[in-house]
Each structure stands twice: as C-alpha cells, then as structure tokens.
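Asks: My structure is below; once you've seen it, I'll send some questions.
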Amino acid sequence: MRKSIATVSLSGPLAGKLTAIAEAGFDGVEIFENDLLSSPLAPEEIRRRAADLGLSIELFQPFRDFEAVPPGILAANLRRAEHKFALMERLGASRLLVCSSVSPDTVADDALAAEHLRLLADRAAAHGIRIAYEALAWGRHVDDFEHAWRIVEMADHPYLGTCLDSFHILSRGSDPRGIEEIPAEKIFFLQLADAPPLTMDVLQWSRHYRCFPGQGGFDLAGLVGHVLRTGYAGPLSLEVFNDVFRQADAGRTARDAMRSLIALEESVAQSPAGAAELTRPPRPVVPTGFAFAELATPDTGRLSGLLTTLGFTRTGGHPTKPVELWAQDGARILLNTGSAQSAAGPALSAIGLETPDPAGAVERAESLLAPVLPRSRAPHEAPLDAVAAPDGTELFFCRTARPDHPSWTDDFTGVPGDLAEAAGITHIDHVALTQPWHYFDEASLFYRSVLGLRPDESLELADPYGLLRSRAVATTDGTVRMALNVAYVGAHPGAPDTPWQHVALGSRDIVATARRLNAAGDLLLAIPDNYYDDLEARHDLGVERHRTLRELGLLYDRDPYGEFLHLYTRTTGRVFFEVVQRIGGYRGYGAGNAPIRLAVQHAPPAVSARS
Ligand SMILES: O=C(O)c1ccc(O)c(O)c1
Ligand SMILES: [Mg+2]
C-alpha cells in the first residue's frame, strides 16, 4: 500500500523533513500547517520539492474549530477556509483534514454540524478539494469515530468523508470493529499512531507520547485489518506527535517510521484481512542463542584476570586480527584490542547470535532498513554476516560448530592459554545494551521486527542520580534475551557520563561461582546489609540460605515461575559481568534489585577518615 507520514512526526525545518521522508522510501506526506507557516519556502516551491523527491502531498492539516457554530462565526470560518483552499491549490494538495471542534463556540447539534460540513464540502468541491472529518478524542462534542461518521453520513456530500486516526479510536477504548460499517469510499484518509499504555489525560497522551506502530501497546494490525476489510485502498499514513522524535535526527526517525510500517504491513498480511498489495518482507530468522559477546578493550590485561577467575580459558587467538577467544562450556567472550572502540573500552561492541540461517537473517534485516556491515575478512576466514543495531552494536549471525556452515570458531587457531578451572558458567544468559535516550523506542522496534524478539513492558528503575529506563526483548523460549537500558544521566558529579553495559553469564551452580569470586579478592559489588535484612522480611528462605546469600553478596528474586540468584562484578571501563542462575522457569532479570546495584555502582569512592 502507499506509505505516507505527517511532517509533524519529524524534527527540523520542512525542507529537511521532506528529504528525510523521501530517502526513507515513503510515497507521500501530510503537510502539517505549522511546518508550512514556519518555512521560508513558498507553497509552489514546497510542491516542486515534494514532486522532485517523488512524494505526493496526500493531505494538508489541520483545519480546526469549524462546525456547529453560530452564524457570525460560521461566516468567519468559511472565509478562513477559502484562504486555505487557495493555499492548497498552490501546494497541489487536494485533501484537507478537518478535526472536530474543541471550541466553546461549537454546539452539540449533529444536524447543524452536518449542515456546516456540507457547506464546507461544497466550497471545497469548487477547488477540487475533499474534506476528511476526524474526531479528536478530546473534541468538545464529537470525540469518537462513529459519531464523526454519523455526521458525515448525514451531510451526504461526495466531497466529504471521514479520516480515521488509530490514536483517537484506540486511546478511548472504542471498538474498532465498527470501522467495517463505513463504506470504503467514505474513508478519505487513515492515520496511524501507536502509544505506550499510560493513564493520563488523552490530549497530553496524544501530543507527547504517540509512537510508531509496534513501539507502544495498541493493536494496530487489528485496526488496519478492519479498515482493509471495508475495501479501503488509500495510503497508510503515520501521524506521530512525540517529544523525543521532535529532537532526534529526522533521517533516522524517518527510517524508524518506515521500518514500523513495513513490520505493520507484514502483520496485517498474515491476518485474514491480508490484502495483495501489502509488503511481505522475508520472514524473521529468530536467533537460537548467543554465539559470543565481544568486548572492545585497549588491552587484554584488565579483563583476562577477571575472565580466568570466572572460569574462562583463552582457547585461541585470531591469526590476522588482535582478537582473543575466551570460552567456558557454551559461553564465549571475544577480547578485541584492535577495533575502533577499543581505546575507549572496555565496551561491549558486538554480539554473535546463533541462527539457523545467517544469510536469511541478513536479508530480513536489510528489508527492514538495518545497515548491513561490510565483511572485511581474509579469504580463509569464515563468512560473518553482520548488521548494525541502532546503538551501533554489531550483530553477527553465526552457526557455531555446525557441519552445514563454516564456523567462526575455526578462525581462532592461535595458541591457547592454560586451562582454567571451570566455575560452573554454561552460557551467556543475556546482554544489557545501553541505548542513546532518543533512540530507545527505535531499538525495541528494531529487535522486535528485525530479529523477531518479543518486547517486555518498559520499566523505570531508580538510580541515585536519575532514572534507568529498561525494556527487555527476548525469544519466546528465552534462549536470547537482551535488556535495553537508557540512563537519564544526571548532572551530579558522581553520575557516570557513559552508562554501563553488561554481559550476564548463566551458571549451573552460582553458589560455587560466587565462592570462587569471593575467594579471589575484591571483585564483586558489596551489597549493603540492609538489602539482606529486607530480603529476610520479604521471603522466608531458611536461615542457612539467607546466610549464604549475605555472605557471598548474592541477590535474590522470584516470580510465579521460579527463582533467580545473581551477582555483579565491579565495572571495568564501561562493562561489568553479572552471573545468574535461573531456578525453575524464572522469566525476569532481577529488575527489583537493579536500584540496589545502581546505588552501589554509583556510590562515590569511600573517603578514608584517617588520611
Ligand atoms: O493534536 C491535535 O490537535 C491533532 C491535530 C490533527 C490531528 O490529525 C490529530 O490527530 C491531532
Ligand atoms: Mg490525526
């Protein structure tokens, strides 16, 4: 279907927005009046730019507070409309969005509203312009789509139809099945926006928190399905008012927007309403585990000691690159001293994902506008298919030690180090990646659409100097889990200027792992006694178990599916390790303990009383 976006969804001046929209592959735009008013470009120039960029101007909007008013105001409103019709002719736009009035002048009289809209449509028709009437969720008398449609039906004018906006419909909890009662030729336009589930005033919710489909909590695919079942064949147009997108890079937001529409069309195509003209990208190739986590580091010294204590052995080096492979059972860590990020490290720079089909995974990613990374490799090295995640982390698609595919591990032929005594670590349980705050929604949509991971709910965790927003994405079976974190970095001098990332290692016996780490010296975060006092109040785990947790600095959580024990190492550069043990089917990440961890990590260094 044709894809369009409202200029209000992006940051910057109008000309830049048009370029970003075209580059992301959209077919058309809704010109938001304020963008035009503040632009130095004449309407004719905007028209020409859009045409040169291959964009159709689908809609001009909004025209406010028009209908069901006393005669004097009606005359002024019609005069205002004539000016806008003239402007639209210069712009080459033939569809005007009229949103339901919020003015105290408007009266609750559907017949009058219909009469006025008929009059407006008649005037518009003389310019070849069609009127799309939309119910704002906070309209004074008309606030739901069925009411707006009844008025349009009553007015019965060929140049008057309705505009459906998913936000106004779903934010009020209206039943979208009613859409199927509207004839397709009377649905003049369809605007799409998602939103996170929030309990707040609907106008504030709409103006500040809308997001792209798949980033919030609404069932957009269901709604679009109802619209398509009417036979609607017009564009799918994104209209997102969002404080963060307003400040982010327009080109990037436009690609995020396009990714959301491709993924939305795909979901609709899979439903019974699926229409022939919907985009069907290659199916997601869902990863089946972690192949490795790569840490970029200025030297291996700092990390090799810690890895050895954690039970890892250096199993090889790369013949042509300064990269070491450290392994323990199914957990593999690469230390890279030659990457662009190495000097500023240690930092988590790349993740290897086990996948049934590396080439298919890259095709999928490419179809959703993920940047594919060049394969800079020597001829004898295993092919590595990789894409860049929104935060710059490289994602490699791997088949480790499978007969059907060259294994990246075969490249690591160098001299292995001394065999360390294993410490019970079996695999990488999850990784926690830090997101730039203005690309947080982009990241969750990326992992959901590109890799087929499922997002959990979004959490806000207290940090002594701010808040940590966190959202996990994972496969259904939990073999791949990622925590996406964004820290609102505070102005306090104790707050870190770059938020931390971590690799969580799964242990089959975390008590044994913890004993080893404790015996090796001061490697773990010191968890306050107050935490353990509270833990005893909340859970009765038996005297012995409580004593062990306290002694070893282990944290505890449980959910309806099982228990969770975990610990944290101190931070090296930007990274630290977590060790976790899931007992039973525990699904979480110990989020309740995160504020304790953050407080300990961010505590200012203790000042000695003597000195
Ligand atoms: O917030 C508003 O006023 C507004 C304006 C035009 C729209 O199409 C809309 O959905 C909301
Ligand atoms: Mg709208």
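Numbering starts at 1 and runs along the chain as it is shown here.
Cβ atoms here come from the backbone N, Cα and C positions, even for glycine.
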Asks: Record says GLU134, GLN191, GLU239 bind divalent metal cation. Source is TrEMBL. Which of ASP109, ASP110, ASP165 does it list for that same site?
Replies: ASP165
Asks: Out of GLU294, GLU324, GLU578, which one does TrEMBL list together with HIS430, HIS502 for Mg(2+)?
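Replies: It is GLU578, as the record lists it for that site.
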Asks: Along the domain 'VOC' (289-400), what average pLDDT does this model show?
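Replies: Averaged over the domain 'VOC' (289-400), the predicted model reaches a pLDDT of 91.
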Asks: Setting GLU134, ASP165, GLN191, GLU239 aside, what same-chain residues sit with their Cβ within 8 Å of the center of the Cβ atoms that define the divalent metal cation site, listed in sequence order?
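Replies: Nearby residues not in the site list: LEU97, CYS163, LEU164, SER166, PHE167, HIS168, PHE189, LEU190, LEU192, ALA193, SER237.
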Asks: Where GLN191 (divalent metal cation binding site) and GLU578 (Mg(2+) binding site) are concerned, what is their Cα separation in Å, rounded?
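Replies: Here the two Cα atoms lie 44 Å apart.
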Asks: Going by Cα-Cα distance, pick out whichever of the binding-site residues HIS430, HIS502, GLU578 is nearest to GLU134 (divalent metal cation binding site).
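Replies: The smallest Cα gap between GLU134 (divalent metal cation binding site) and any of the binding-site residues is with HIS430.
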Asks: If you skip the near sequence neighbours and keep only those at least six away, which residues in the chain come within under 8 angstroms of ASP165 (divalent metal cation binding site), Cβ to Cβ?
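Replies: Non-local contacts for ASP165 (divalent metal cation binding site): GLU134, PHE145, LEU190, GLN191, LEU192, ALA193, GLU239.
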Asks: Can you tell me which of ASP165, HIS430, GLU578, our binding-site residues, come within under 6 Å of ligand 1 at the Cβ?
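Replies: With ligand 1 as the reference and 6 Å as the Cβ limit, the list reads ASP165.
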Asks: Of ASP165, GLN191, GLU239, HIS430, GLU578, the binding-site residues listed, which put a C-beta under 6 Å from ligand 2? Please answer none if none do.
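Replies: Within range of ligand 2: ASP165, GLN191, GLU239.
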Asks: Can you name every residue in this chain, apart from HIS430, HIS502, GLU578, with its Cβ inside 8 Å of the center of the Cβ atoms of the recorded Mg(2+) site?
Replies: ASP429, VAL431, ALA432, ALA483, VAL503, ALA504, LEU505, PHE577, VAL580, TYR589
